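One structure is given below, encoded as structure tokens.
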């Protein structure tokens with residue numbers, strides 16, 4: 001009994017520490033992406049500062065640090081959901097295998113949190129593939145320019161397509177999107193294959209149990 005509770009406490013501490021460390025690394029990955037602070041994050045931080053009476057912190061440097069703290073908190077929460085959910089799912093799966101029962105499905109919160117983390121990591125990998133292009137001057141192919149100008153004309157921003165700097169930024173965003181899709185599609189296909197395999201395993205177990 002003591003070993004059982006000791007193991008539970010050890011696993012809980014490991015999940016807590018892993019969540020904090022994993023959240024820190026996810027926050028670092030997010031800050032490496034070429035993204036500005038979202039408007040809703042800026043509005044949320046300013047609202048909290050106004051409610052708590054800390055309006056003096058609403059400057060650029062403090063706002064950036066508070067945004068990093070918010071990202072770290074969210075990433076830690078997502079990592080905790082994934083680790084705790086997987087721990088419970090593994091224990092239930094082991095019990096199901098011993099009793100020749102069906103393997104349980106992952107809870108929806110765990111699936112959503114895992115998907116968000118996977119999307120962040122895939123986006124970072126996609127940017128890592130395209131970021132070396134920003135260090136050296138490169139020629140934008142004519143088909144890429146055509147696609148960018150078409151998209152800008154549809155959104156009513158065709159004037160920006162004539163500026164070299166804007167064209168370069170849009171080209172990098174396009175390359176980033178293509179690289180992210182190229183990495184994400186195989187990952188999604190692998191997840192679907194695993195899901196199909198687990199479903200076949202469950203169907204086989206149910207068929208053997210019925211017979």
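All positions are counted from 1 along the displayed chain.
Every residue, even glycine, has its Cβ placed from backbone N, Cα and C.
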Quick one: sort out which of 43-64, 65-86 is the transmembrane segment according to TrEMBL. 65-86
Residue list, the transmembrane segment (9-33) vs rest of chain: Cβ under 8 Å, 6 or more residues beyond ends. 68, 71-80, 83-84, 87, 117, 120-121, 123-124, 127
Which bits of the chain, at least 6 residues beyond where the transmembrane segment (174-198) starts or stops, bring a Cβ under 8 A of a Cβ in it? 103, 118-119, 122-123, 125-127, 129-130, 133, 144, 147-148
